[in-house]
């Protein structure tokens with residue numbers, strides 16, 4: 001009897017073979033759920049929440065976040081897979097598949113009496129060799145627009161249908177190239193993702209500037225200005241109460257009137273400074289002038305600015321203030337004491353767009369913008385959410401490729417070649433740990449197998465063809481999902497991220513090893529002691 005039973009009779013215990021069987025079945029259960037998602041031909045899943053909200057997705061990360069997973073081992077694998085997505089932006093589904101397959105292959109040997117510890121030693125040896133092989137096959141190349149488009153397309157086609165993926169690919173790559181600075185890390189926060197429930201998903205576009213989700217608050221302000229100066233500020237243009245509790249006693253109405261005037265004058269002086277600057281820089285020309293303020297602007301100030309032909313937007317979001325100066329140039333001001341023409345940014349076109357009851361302000365045609373907006377359009381909420389998730393993954397894929405400075409062939413080509421390299425390496429591993437290396441090699445083949453299966457081809461037949469082609473030509477050959485025949489991934493432009501594959505090998509091996517070495521599962525928390 002388990003020792004914990006003596007201490008706590010209500011504890012649930014699974015030992016040795018039973019514990020392993022529970023863990024392996026959990027991993028395989030999760031693998032079966034995500035199996036059909038893999039690759040461009042993967043199928044969709046419909047998630048219905050408790051409140052009845054529906055989500056359509058084939059993104060493994062979204063699925064694992066939204067699914068309610070009861071089993072502790074399955075939950076552990078899900079956390080590892082979502083962590084993979086948080087770090088590298090891709091590889092969630094592959095992660096779950098490989099962990100499940102590693103455990104399945106190990107189970108075959110364990111059922112024949114091999115100790116899990118020996119298999120895990122084989123896994124470690126195989127991982128070292130696999131990482132070494134990955135270093136050899138990675139393709140270091142100049143990350144030009146063509147290569148980045150191939151990388152983004154490979155990532156996006158696994159999330160959305162091909163036609164939409166091609167539209168998003170261009171937008172995603174151009175947005176990264178717009179914000180990229182020489183020898184500086186890429187900051188993806190400088191790409192605003194704005195949703196608009198309007199038109200169809202293929203109308204999604206890249207705006208080389210900014211889109212704000214509100215409009216001007218005065219009916220007489222211009223709806224469209226061209227060749228505009230942009231003043232970005234965080235200065236209150238409305239009467240605010242003092243920070244300390246102060247009062248004012250007056251004896252007559254005149255004194256009260258004086259106080260009101262003094263309070264107004266304080267704001268009016270600020271507005272006058274803006275108007276003076278506008279007259280100074282615009283003169284008699286018909287150039288536009290736009291004020292974007294993070295704080296409030298009261299109706300009197302709006303009216304005064306409107307009469308001067310100035311467009312004023314109030315209560316802009318804080319995250320957009322930094323993006324504004326990067327997109328248009330200029331400096332964000334916290335006071336008007338040192339207001340000068342040098343503080344102004346510039347945009348070729350600023351216009352307001354009304355959609356139903358919502359208003360959007362577009363700031364476009366900026367010179368050399370360092371912050372851009374991806375405007376996602378779609379007929380309904382499901383489509384918008386799906387595109388948003390896909391775009392985020394696409395951005396990460398392009399960023400990874402630039403950061404790595406190299407890519408690896410996709411379409412299951414790396415896995416097939418890696419499995420063959422491991423089998424050749426097997427004799428150099430001592431003793432029974434060779435079986436662990438064999439199990440690891442077989443487990444990696446789950447990726448090309450599932451890619452072929454999801455495309456409607458016979459998985460064994462396809463795999464044999466690819467392995468034969470790889471052995472003959474020595475090239476990295478993957479699955480052509482349209483014909484089921486072997487193809488040279490590099491020639492077609494199917495590229496995966498190097499860092500995703502590297503992270504996959506590390507995390508899958510660690511988790512599979514840890515799960516195999518569990519020989520007792522105890523559910524004996526405080527809750528089971530009650531009663």
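Cβ from N, Cα, C; glycine included.
As recorded in Swiss-Prot, the features of this protein are as follows:
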- 39, 91, 92, 93, 411, 412, 496, 501: ATP binding site (BINDING)
- 39, 91, 92, 93, 94, 158, 159, 411, 496: ADP binding site (BINDING)
- 90: Mg(2+) binding site (BINDING)
- 251: SUMO2 cross-link (CROSSLNK)
- 2: N-acetylalanine (MOD_RES)
- 5: N6-acetyllysine (MOD_RES)
- 199: N6-acetyllysine (MOD_RES)
- 205: phosphoserine (MOD_RES)
- 287: N6-acetyllysine (MOD_RES)
- 365: N6-acetyllysine (MOD_RES)
- 377: N6-acetyllysine (MOD_RES)
- 388: N6-acetyllysine (MOD_RES)
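Shown on the structure are the features that Swiss-Prot records.
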| residue | record | CB count, 10 Å |
| --- | --- | --- |
| 90 | Mg(2+) binding site | 29 |
| 93 | ATP binding site | 29 |
| 159 | ADP binding site | 27 |
| 251 | SUMO2 cross-link | 7 |
| 287 | N6-acetyllysine | 16 |
| 388 | N6-acetyllysine | 16 |
| 411 | ATP binding site | 29 |
| 412 | ATP binding site | 31 |
| 496 | ATP binding site | 27 |
| 501 | ATP binding site | 25 |
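Taking the Cα of residue 39 (ATP binding site) as the reference point, the closest of the recorded positions 199, 205, 251, 287, 388 is 388.
It is 199, among the modified residues 199, 365, 377, whose Cβ has the fewest other Cβ atoms within 10 Å in the structure shown. The shortest Cα-Cα distance from residue 94 (ADP binding site) to any of the recorded positions (251, 287, 365, 377, 388) is found for 388. Cα of residue 287 (N6-acetyllysine) to Cα of residue 159 (ADP binding site): a distance of 44 Å. Distance noted between the C-alpha atoms of residue 388 (N6-acetyllysine) and residue 496 (ATP binding site) is 20 Å.
Rounded to a whole number, the C-alpha distance linking residue 377 (N6-acetyllysine) with residue 411 (ATP binding site) is 30 angstrom. Counting only residues at least six positions away in the same chain, the Cβ atoms of 34, 59, 60, 61, 64, 81, 82, 84, 85 sit under 8 Å from the Cβ of residue 92 (ATP binding site). Between residue 205 (phosphoserine) and residue 411 (ATP binding site), the C-alpha separation comes to 28 Å. Taking 90, 159, 199, 251 as the recorded positions under consideration, the smallest Cα distance to residue 412 (ATP binding site) is found for 90. When the alpha carbons of residue 93 (ATP binding site) and residue 199 (N6-acetyllysine) are compared, the span between them is 31 angstrom. A gap of 33 Å separates the Cα atoms of the residue listed as 'Mg(2+) binding site' and residue 365 (N6-acetyllysine).
For the recorded site, residue 377 (N6-acetyllysine), the DSSP three-state label reads strand. Note: the CA-CA distance between residue 91 (ATP binding site) and residue 159 (ADP binding site) rounds to 12 Å.
Between the listed recorded positions, namely 94, 205, the fewest other CB atoms within 10 angstroms of a CB are found at 205. Cα to Cα, residue 199 (N6-acetyllysine) and residue 365 (N6-acetyllysine) are separated by 23 Å. Residue 496 (ATP binding site) falls within a strand segment according to DSSP.
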